[in-house]
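S.K.: Got a structure for you, questions after.
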Amino acid sequence: MIGFVSYLVFFLTVALILGIATLGLNLQWGGTGLFNAGIVGFYAIGAYTFAILTAPARPELLGNFELPWIVGLVGAMAAAALAALITGLATVRLRGDYLAVATFGIAVTIQLVATNFEALTGGTMGIASIPNPFRGLFAAPLANNFGYLAVVVVILAIAYVALERIARSPWGRVLKAIREDEVAAETLGKNTRSFRLQAFVIGSTLMGLAGALYASFIGFVSPFDFLPILTFQIWTMLIIGGSGNNRGAILGAIVVWGIWSAIGAASSKMLPEQLQIYGGAAQAMIIGLALVLVLLLRPRGLIGEQPVTSRHAA
Amino acid sequence: MIGQAIADGLLTGGILALGAIGYSLCAHMLKFANFAHAEMLTWGAYLAFAVVAFLPAGPAIGPFSFGWPLLVAIVVSCVGTGLIAVAADALVFSKLRKRRASSLTLVFASFGIALILRNLVLFVWGADAHYYSQELQISLEVLPNVRLMPDQVLVLVLTVALVVALHLFLKFSRIGVAMRSMAENPALSQVCGIDIAKVVRWTWMLSGALAAIAGVFAGLTVQIRPEMGFNMLLALFTAAILGGTGSLFGAVAGGLIVGLAESLSALVIPTGYKAAVPFGLLLIILYLRPQGLFSRSARV
């Protein structure tokens, strides 16, 4: 029983952290129609920045500044925002698929930097002992994990409420107008480039935040934690849950992470060592299949977008 | 040193060019970035590998590492890969187009297709590297201090020949003219009696076949791996955007520029960062000249 509960806590923590990234994507794609093909890049920037700022010093590493936990979180968000600003500025004037290509590029590049810039990132060895405010706080590890889960829930709730509010604000309505018809929005005098850039940066900041929370939870980062499949996972979470709906994003994160973990657990139990690789391939194929099928058969996802009207329009 | 880097860069560049032309054709005709295109390179390489493994091994031709089975394999693989591309369009993309889905929805579906295709390769052929032949080759000193394998020389020559043939095809053949007209104005082309569905099938076929050849060449000069196409994806995109989407010679120039930049970068930055070079180029081109170097139109 304890084993099951502690697994459930672990599972939910990761699922909800991914849910924060999915909320970020929902602002970009669901809210504004921006295609981010490099989610894992922003997630990794957040995780690594957090690790570099907060991990205990090691003589061979440039970073590891041992700064407080909260400074790490803020730093991670700032770094992800900066990366988003650079890619966003290059592509904001262009057709949507250029943003897709550029963000894909940033993910590839971050992976390379993480692997090769050993003095900063620890290379393939990664950075270990990343602080978690709850580690060792109570005697029972389960209590500590519960504590961290509570922190994640609170941060997720804050992000959810904030996103819900801005979706209903005039700002959020401009985003939706851009998604539906950019020319019309421009005709109404909206600076659509600036709005798109803002939505892109805020969404990516949430992805960086999610990465930082993940690094703190696991206590370790290495390039192998940030494989391109993560981008696909987050996309699938949003699409299955229901693009354009923040609750859908969170629900999708839990459902997809559940399916993913279940297949992973089943294949590691049932398949012999040399066939394990097929389990991983099957997981990825199912994600791909789910993406395509939902697009074809149920584009609105589990809970689709709800019509939103202004509070003032009655 | 620098001569060798240029020779290696031209070789990679030629392979990238073939991949980029196929991508660019589709992107120009159907107006979306196809993330699954890189998997066509992988499938092309593996299909050819399957054919080579199936046929009896013949003696190697002249100085090259392979015999006639690989030549048969390339043809089979071109058709097979083309059909995969056509099937992907029939099963997914065409249905989304019919629904008038936005071009980004298509980009998105291509993401999913890429994931399925790449992992299918893993299922069928495993994660290990494969080779078309175990023959060892003696490199030729083509210029002072520039050494190339005979296979590499052949790849370069064939790439040039293919590009010329493709140019003539697009310029003079009926289907080539139809493709160009559809890219310009689909509605008007339809009015003029062009069968749009047929042109789209041809575009996919051609794009898949070019990708297959690029994949075989990459497999021949490096090795065949499940992630070989995916690792080239960013370079392909960059080459196509650099050249200006839809421009044949632009894509070739883009491929060569990216190939050369990658291999010359090894002289100044650690080789681990080589794969980031296309991204640097991409950001520069998007800031300065997003329509590409060789595109006439100023709008994107």
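Each Cβ is built from the backbone N, Cα and C atoms, and glycine gets one as well.
For A:6-27, A:34-55, A:67-86, A:98-117, A:137-163, A:199-220, A:226-242, A:249-271, A:277-297, the entry in TrEMBL reads transmembrane segment.
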S.K.: Out of A:34-55, A:98-117, A:249-271, A:277-297, which stretch touches the transmembrane segment (A:226-242) the most, going by CB pairs under 8 Å?
M.R.: A:249-271
S.K.: Looking only at residues six or more beyond either end of the transmembrane segment (A:137-163), which have a C-beta under 8 A from one in the stretch?
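M.R.: Counting only partners 6 or more residues beyond its ends, the transmembrane segment (A:137-163) has Cβ contacts under 8 Å with 2, 5-6, 9-10, 12-13, 16-17, 19-20, 23, 26-27, 206, 209, 213, 216-217, 246-247, 250.
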S.K.: Under 8 Å, at least three CB pairs between the transmembrane segment (A:249-271) and the transmembrane segment (A:98-117) (pairs 6 or more apart)?
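M.R.: No; fewer than 3 Cβ pairs under 8 Å.
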S.K.: Could you check whether the transmembrane segment (A:6-27) and the transmembrane segment (A:67-86) come into contact, where contact means at least 3 Cβ pairs under 8 Å with the two residues of each pair 6 or more apart in sequence?
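M.R.: Output no: the transmembrane segment (A:6-27) is apart from the transmembrane segment (A:67-86).
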S.K.: Residue list, the transmembrane segment (A:199-220) vs rest of chain: Cβ under 8 Å, 6 or more residues beyond ends.
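M.R.: For the transmembrane segment (A:199-220), the sequence-distant neighbours (Cβ-Cβ under 8 Å, at least 6 residues beyond its ends) are 13-14, 17-18, 20-21, 23-28, 31-32, 34, 36, 39, 42-51, 54, 69, 72-73, 76-77, 79-81, 83-85, 88, 92, 99, 126-133, 135, 148, 151-152, 155, 159, 175, 226.
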S.K.: Which of A:67-86, A:98-117, A:277-297 shares the most C-beta pairs under 8 angstroms with the transmembrane segment (A:34-55)?
M.R.: A:98-117
